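Listed in TrEMBL:
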type     : residues : note
COMPBIAS : 1-10     : compositional bias 'Polar residues'
DOMAIN   : 84-496   : domain 'Major facilitator superfamily (MFS) profile'
REGION   : 1-30     : region 'Disordered'
TRANSMEM : 83-106   : transmembrane segment
TRANSMEM : 118-139  : transmembrane segment
TRANSMEM : 151-176  : transmembrane segment
TRANSMEM : 284-305  : transmembrane segment
TRANSMEM : 325-345  : transmembrane segment
TRANSMEM : 366-385  : transmembrane segment
TRANSMEM : 397-414  : transmembrane segment
TRANSMEM : 426-449  : transmembrane segment
TRANSMEM : 455-480  : transmembrane segment
């Protein structure tokens, strides 16, 4: 072969050396921050035939890909995120709706299935118990396998159980199918709250949580409003007829595969999630930075559901004697109060978080909600004693509105605080909160009728009031201590 012939080198067929570089210096001395650069250097370019050496300029000339860093919260448009939020919040509406849709028809169910009031109330309690218990399971499953497929499986079980409820021939079949229904539908609340952690940054989470809870909070009202006329017209059985993947680990994997020139920099899940034992979530109940706020959430939620469940019984009796349709309509004022409180609670929790210092004092976002949650014990006193003395209907309605407002305005603040404290286990921590809320409601509701028959309506709701005063007061003391402690370690503008 003639040595003077030039050999043609095919770079594409040769192995290459990949060099990663951060913060590349430009010729003018400036530094480009925030991007990672990948240089592909082929062996032929390393020839020292001309005595040259590899310089930074050679790296730049050989650069093949520039990796752009993006936030996981920005890979979806606002429209896409709002569609996901709206879809999940409407699905979460099923949980309270299915629990309260047949409240106006409790007497009709008792007569139809030839059972007692106690067994019918147990069907409500078991629904709440199973919702709380299975929330732990759905939290662990969705953290490991993702939100989408977990939701599909749970809703399939829910639909099948609802069909059995419709055609239940006796009270025992009805109770068992209601238990399965409650366990399955609890996934909607747990996964929905975890989803907000997946797609929304911390500074927006309070307001977004408020929007998420809008359908959930009006579910207890829409249920009786629809269920009452259905029961009146067609019978009680007719009342029971009635997302993309967001888990950050799976979203990150798919995004990197579809966008090799971009890299997500702030995903919470850096490693493939593992399936955690469902009961492991209960260890959060030993965390003193969490349990007081779960306790106040559980106490306000449980007393709200107890009052809603007993309202239909009181309004069927003398001197009221209202029909099922009228009872359903009487739940509307509570729905308006909860709708307003949910929006307001999320918004003011974000404002309080910014005021007290979002990163330095996350407990600050709880301040407005705790203050306004005092409406709950006040409402319980009015509600209990006005029904005790069988006063004009306006009295119980005012009490119900106040306690509904107090519960709904605190809910977004507590939920967003918990996911901020434990972002890597968002579904698990939301599951614990749901577990505590629904199990507390089940316990109180189960004991409500026998205890009330012994001590009376007024004293019973006084007892509920004292529980709320204790939990709200204890949580408030802890928040004040946190703010005072951080006042000495952060800038003056971050704390009171």
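Start at 1 and count along the chain as shown; that gives each residue its number.
From the backbone N, Cα and C atoms, a Cβ is placed for every residue, glycine too.
Source: prediction; values computed, not measured.
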Problem set entry | Annotated stretches the transmembrane segment (455-480) and the transmembrane segment (366-385) touching (3 or more Cβ pairs under 8 Å) | yes
Exercise. When only pairs 6 or more apart in sequence are counted, do the transmembrane segment (426-449) and the transmembrane segment (284-305) reach 3 or more Cβ pairs under 8 Å?
Worked result: yes
Exercise. Taking 151-176, 284-305, 397-414 as candidates, which has the most Cβ pairs under 8 Å with the transmembrane segment (366-385)?
Worked result: 397-414
Exercise. Mean pLDDT for the domain 'Major facilitator superfamily (MFS) profile' (84-496), as a whole number?
Worked result: 79
For this session: Quickly jot the same-chain residues contacting the transmembrane segment (284-305) by Cβ under 8 Å, restricted to those at least six beyond its ends, or write none.
Result: 99, 128, 220, 366, 370, 373, 376, 380, 403-404, 406-407, 410-411, 414-415, 417-418, 421-422, 428-429, 432-433, 436-441, 443-445, 464, 467-468, 471-472, 474-475, 478
